[in-house]
Amino acid sequence: MPAPQRKHKRGGFSHRCLPTPQTAMTPQPAGPPDGGWGWVVAAAAFAVNGLSYGLLRSLGLAFPDLAEHFDRSAQDTAWISALALAVQQAASPVGSALSTRWGARPVVMVGGVLASLGFVFSAFSRSLLHLYLGLGLLAGSGWALVFAPALGTLSRYFSRRRVLAVGLALTGNGASSLLLAPALQLLLDTFGWRGALLLLGAITLHLTPCGALLLPLALPGDPPAPPLSPLAALGLGLFTRRAFSIFALGTALVGGGYFVPYVHLAPHALDRGLGGFGAALVVAVAAVGDAGARLVCGWLADQGWVPLPRLLAIFGALTGLGLWVVGLVPVVGGEESWGATLLAAAVAYGLSAGSYAPLVFGVLPGLVGIGGVVQATGLVMMLMSLGGLLGPPLSGFLRDETGDFTTSFLVSGSLILSGSFIYIGLPKALPSCGPASPPATPPPERGELLPAPQAVLLSPGGPRSTLDTTC
């Protein structure tokens, strides 16, 4: 239970005093509220995720029209999403640093305006270069300012139900894909790609009111003052921690394959003989499995039955295997077929990828402490940008060389499996080989997974411990 907040009266008005770093030094410090306004923040993060990653996942439906209009290859059009992903994630530490200095609210609101302007600018493009600048650079910069601050703020509002809250927010990706994939196909058929991008710009502007809902929250473990130097604001010192470095390396490899289906799942379905709406259905069912798995896995992780790093490695490996299946399963039938085999493979991939997503961000407070979670989120997004930049163009290149996306999905799945193998080096990713004695819970500024002498660390889910028995 968080410590009660004192009320003071001044001029006939009552106001609540937020915990400060000084009050955090008391014997019974206040912690995350684990509810209340946190659910509003979760709803805002849900919309932010849907209007960034969810929209980007569905944008691949427009690429065949863009390739035909500008007479360019699949590899050339894939650079649009690749640049957007790369800019969004590479600049995420900047969004985290700005939110650490000025707060998440103004940063996310400005990011929503920039992302909307990127779509509006792209609607008047005369070449692919204009799309690279509009969707890749401008919209990507706006998304970089919204995702990490929103998700980092959400993690600060929850402790016992943190992974569930993160999973709920990340279902915005799947819910948005479910709605936007068929809607975007309808817009493309009705208004063409220019009209569709213009309308998407109006939709993206809703990121601004989402940012207004991110109220600041002071917690124990926060620094007494915002960092003044740029390097400190970026949180680069986190790389000196072995566990975070292992996590960062594994996540960078996973990013090399994780975002390929965002761009090429719909074109892959088109290559296998499905029509436009059949391809949209493949994207939609993958989104449904993704969204449902994020909630279920978030609840499962919060129970404390299995350590979070172990779940991360397991579901990361299943995601890689799921991409292999998507690439190898053929479609039987033509444009009028539903493509049942590819639909089933897409559901399996969506379930595994959705289970992996909340664990990536849910494990961060245990590795770096609650005070560094916003900066850590931005750094992880930056590392994943390497994969976001190289993965989709490599996938498009392999498609141009081989004639289909089979090799592309096999390579992408292999990258994810490699990153999942590296996760095994995280604390508690493997069962311990001996019984451990019960410890004291580490302070929130340390992180639940950081080493503690003669201690078995408790799960953030509550009194139940993620103790490992003998091998």
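Cβ atoms are placed via backbone N, Cα and C, with glycine included.
Under the heading region 'Disordered', TrEMBL lists 1-31.
Residues annotated as compositional bias 'Basic residues' in TrEMBL: 1-13.
The compositional bias 'Low complexity' annotation in TrEMBL covers 19-28.
Sequence-distant contacts of the transmembrane segment (36-56) (same chain, six or more residues past either end, CB-CB distance under 8 Å): 81, 84-85, 88, 108, 115, 143, 146-147, 150-151, 153-154, 157-158, 165, 168-177, 180, 200, 203-204, 206-207, 210-211, 213-215, 262, 287. Among the features that TrEMBL reports, transmembrane segment is placed at 36-56 (among others).
Per TrEMBL, domain 'Major facilitator superfamily (MFS) profile' is recorded for 38-431.
Feature annotation from TrEMBL assigns transmembrane segment to 107-125 (among others).
Long-range contacts of the transmembrane segment (131-151) within the same chain: residues 41, 44-45, 48-49, 52-53, 56, 59, 66, 79-96, 98-99, 104, 107-108, 110-119, 121-122, 125, 166, 169, 197, 204, 207, 210-211, 214, 361, 374, 377-378, 381, each at least 6 residues beyond the stretch ends and with a Cβ under 8 Å from a Cβ of the stretch. What TrEMBL lists as transmembrane segment is 131-151 (among others).
Under 8 Å from some Cβ of the transmembrane segment (163-184) lie the Cβ atoms of residues 38-39, 42, 45-51, 53-55, 57-59, 61-62, 150-151, 154-155, 157, 196, 200, 266, 277, 280-281, 283-284, 286-292, 294-295, 297-299, 301-302, 308, 350, 354, 357-359, 361-362, all in the same chain and six or more residues away from its ends. Among the features that TrEMBL reports, transmembrane segment is placed at 163-184 (among others).
Look at TrEMBL and you will find 196-219 (among others) tagged as transmembrane segment. Note on the transmembrane segment (196-219): residues 18-21, 24, 30-33, 37, 40-41, 43-45, 47-48, 51-52, 55, 62, 103-113, 115-120, 122-123, 135, 139, 142, 146, 149-150, 153, 156-157, 184, 187-188, 370-371, 444 of its chain, located 6 or more positions outside it, place their CB under 8 angstroms from a CB of the stretch.
As annotated by TrEMBL, transmembrane segment applies to 274-300 (among others).
According to TrEMBL, the transmembrane segment annotation covers 312-332 (among others).
TrEMBL lists 338-359 (among others) with the feature transmembrane segment.
Taken from TrEMBL, the feature transmembrane segment covers 366-389 (among others).
For the transmembrane segment (409-426), the residues of the chain that approach it from at least six positions outside its boundaries are 243, 246-247, 249-258, 260-261, 268, 309, 312-314, 316-317, 319-324, 326-328, 363, 367, 387, 391, 394-395, 398, 449, judged by C-beta separation under 8 angstroms. The feature transmembrane segment is assigned by TrEMBL to 409-426 (among others).
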For the domain 'Major facilitator superfamily (MFS) profile' (38-431), mean pLDDT (0 to 100):
87
Quick check: do the transmembrane segment (338-359) and the transmembrane segment (366-389) share at least 3 Cβ pairs under 8 Å, counting only pairs 6+ apart in sequence?
no
Intrachain neighbours beyond the transmembrane segment (312-332), with Cβ under 8 angstroms and 6 or more residues off its ends:
250, 254, 257-258, 260-261, 265, 268-269, 272-274, 297, 339-342, 344-346, 348-353, 355-356, 359-360, 363, 405-410, 412-417, 419-421, 423-424, 426, 429
